[in-house]
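Asker: Structure below; questions to follow.
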């Protein structure tokens, strides 16, 4: 033993041990450094990143839909309001088998194939952890049945929502419009406008009328709640809530009672009536018949119901007051007279003898007057009172289409009126350039003549006729027709402000009074074409009627409504205002093909009596269309 120990080199072994220990220590130190560096990177450098990831798994933002603003009429009557409805919703991430769950729900809440198809479509475009509607507008029985069976459906729940409701149905559809489910086009538009985030919890959006035009005002600001969820996606607790901001309530210039009254008068007719206050431009009534119930669209109209509306020959989907285009006919004669006087084409003393026709100079072409035997010697006033066509044929010929189109454009024809509805057409005020572009033909002198009496290529909407009438009433001062009266903001009413537009012509020329006096004669003097309707009124009315031909008559052919198909009969138009010396109301009316009941003058008188006298009589006599055709010009 002693011999073996004498050969061991303890110094070398000690040095080797020290080296190994040093290497091990350095290795441990290096590994510890790497660990510390990684801990530093995780805890310090990337702390925010990992905290965010953790919170994204743990914390969810749940959007809260704002309450949509209420729409009121001028007297504070709600025209569009919100009602609580219940719908069943599913969060697919919380459901083990979506299809089995849907099948099981069929017997519980009467789920249909259409409901399931709508759910799948909505799911395809929704974000994760979004609650998706499965069936809307549940009945009390369906809610109760689900409550009893809820334990069978984790991830499915019934929620209450505010749903739009229109209590007056078809009476206001073409004005108020409606909201309906947000579709792909809406999503694309909202995204392009940078507004999509504000609709995270909203299912409906304004599609038509006031609901569409003032969507940004009515919708409000979406809120949200911050909640903590577990690994199964179930909410553990609420961390924070930012309440939504309700949309603003708005008040319209409309008078609901007047709107309903006029709709009753027009029942059965294809017609439109616009009633305004010429002092402000506020629209008191805007009626288009036939109409339809907007509530059909709120929950999503069925294909059958929509096809019925779309294929209805009476076109109830069209707002005739703003989208219907018709020859304005003789209703424009007062404006043509003011234009010709202002342009120096005629004077107050200009006269013309009317034998019952007017002949185009240098041609054998004759243009007939509605009165076969003629009106005799005419001046400006008498030509308006008797609605003499020949006088205005001559005026149109002398003015020429360029000046005539320019002046009628000042009265708003051929342009949008500015009314706060997106559903509006501009009609057509013909020009040389328009005809060349449309028909690839030049403008002939013969084209100008019928324009002088509101015929030919000229088309206009009832709202344009209303705006032109207000310009005349106000001696050339322009009032833009509008439906918004005020918006409720912070407990205050913020009124709508009339935009400034340059006046038409010289407001002090006196020509306006001359034209209005002619309209006064139409309604009050024995030779006036509408004398029989208005002369007996206890207040003074000024009016101008018109007849728009749907098809042309042959030479020497007499119009007989009884021998013509209903759809080919003349349209009947009328504009009027009252009281004459201090106008408070202006009315424009169109009865397609003469309407289905009383004559246009009878209806106009009844509307004015209702406004001025409170007369609510709607039991009016039906009139012979052939007789009415001979009287309304």
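Glycine is no exception: its Cβ is also placed from the backbone N, Cα and C atoms.
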Asker: I'm validating the feature mapping. Which of 1-21, 22-42 is tagged transmembrane segment in Swiss-Prot?
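Answerer: Based on what Swiss-Prot states, transmembrane segment spans 22-42.
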Asker: If you draw a 10 Å sphere on the Cβ of residue 330 (active site, acyl-ester intermediate), how many other Cβ atoms land inside?
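Answerer: That number is 29.
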Asker: How would DSSP class residue 330 (active site, acyl-ester intermediate) in three states?
Answerer: helix
